[in-house]
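Participant: Pulled these from TrEMBL:
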type	residues	note
TRANSMEM	A:21-41	transmembrane segment
DOMAIN	A:21-174	domain 'Casparian strip membrane protein'
TRANSMEM	A:75-98	transmembrane segment
TRANSMEM	A:110-138	transmembrane segment
TRANSMEM	A:164-187	transmembrane segment
2 protein chains.
Amino acid sequence: METGRPGGKAGEVKGIRRAGIWELALRVAALGLTLVAAVVLRTDDQNTTFVLQVSPVLPRLNIPVTAKWHYLSSFLYFVVANAVACAYAALSLLLLLILRRGGGKAADMVTALITISDVMMVALLFSSCGATTAVGILGREGNSHVKWGKVCNVFGRFCHRVSIALSLSFIGSFGFFLLAALAVVGLHRRP
Amino acid sequence: METGRPGGKAGEVKGIRRAGIWELALRVAALGLTLVAAVVLRTDDQNTTFVLQVSPVLPRLNIPVTAKWHYLSSFLYFVVANAVACAYAALSLLLLLILRRGGGKAADMVTALITISDVMMVALLFSSCGATTAVGILGREGNSHVKWGKVCNVFGRFCHRVSIALSLSFIGSFGFFLLAALAVVGLHRRP
């Protein structure tokens, strides 16, 4: 992503450098956010007891229950998607740092490929965020129409960590969106 | 999105025209697919009877049950997302057809805005497809860990229409991804 502002050769070079720093910062942020999101959900589990009272005259029953991150396929997909996005962010950073020293047609082609891959990451991360949000809402509120009870009243800490991972991943996804958008603006501004 | 292939002025103009036709065709396809996906899910409901047999010595109970598209928030989000993408596809088509006659800096800015909006549609549609797929999997297979029973064995026709809408929307989302990718390639190839 190279942006050149109008206003002479010096201003243009300054603009390109500024854009380069912004791009690198955004990529590092996206890498960190998707990495932490994947780790937070990958290490999420909770052992607790569910208190069941069948009748007021009978004693309460304490049933041990467990929540694990891989119990729901959406959470598994979320971890894989964030891990893939994180690995890609690292690879794209490496490629861009090498490209900064070089140039020419090959470098131009790699930059185009990176921009398209950024859009792919937007699709991958937003789909995993959508899936996890859908399951998260069901876990928190349940659905009476299909008789799916809420579970977050029992697994409060587990659900809280899911929402943290979700927020981090959503900001990371927005980072990839910004990278793609800035690349398009930069290409349009190119002299 | 304007792509110019190397090989003289005539070849370049031919390339631009070809790219223009491909872009318009992709936009029309994305418009149609998201429209049909939204309509298919928006009109999806099923009234059926659930056969309950408490004991082999007792007669079977036929319980009337209903499935409606708005019972799950993910389906509501899916319909809204596809309707927004469809309206945007129509607006972008209109803008591009006007731009084809004009030109200059304003046209260039609108083209950049359209490409960024295409990426936004990728994010919107993929998130809604992710949410609907997550709920669809739960409906078809259930989840024993959280005691959510499957419902597609009762609402077979309803679930079948959800998967049709999902497939159509997924192809539409891929259309917006292709539009963004082709725009990036076109901008990099620009002389």
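Cβ atoms are placed via backbone N, Cα and C, with glycine included.
Bear in mind that TrEMBL entries carry predicted annotations, made automatically and left uncurated.
Note that the coordinates shown come from a computational prediction; the quantities given were computed from them, not determined experimentally.
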Participant: So if I exclude everything within five residues of the ends of the transmembrane segment (A:110-138), which remaining residues of that chain have a CB under 8 angstroms from its CBs? That is, six or more out.
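Facilitator: For the transmembrane segment (A:110-138), the nonlocal Cβ contacts are 1-2, 30, 34, 41, 72, 74-75, 77-78, 80-82, 84-85, 88-89, 92, 95-96, 99, 148, 150, 159, 162-163, 165-166, 169-170, 172-173, 176-177, 179-180, 183-184.
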Participant: Near the transmembrane segment (A:164-187), which residues from the same chain, at least 6 beyond its ends, have a CB less than 8 A from one of its CBs?
Facilitator: 1-4, 19, 22-23, 26-27, 29-30, 33-34, 36-38, 40-41, 44, 78, 82, 85, 111, 114-115, 118-119, 121-122, 125-126, 128-129, 132-133, 136
Participant: Report, as numbers and ranges, every residue of the chain located at least six residues beyond the transmembrane segment (A:21-41) whose Cβ falls under 8 Å of a Cβ in that stretch; write 'none' if there are none.
Facilitator: 1, 69, 75, 78-79, 82-83, 85-86, 89-90, 92-93, 96-97, 121, 125, 132, 161-162, 164-166, 168-169, 171-172, 175-176, 178-179, 182
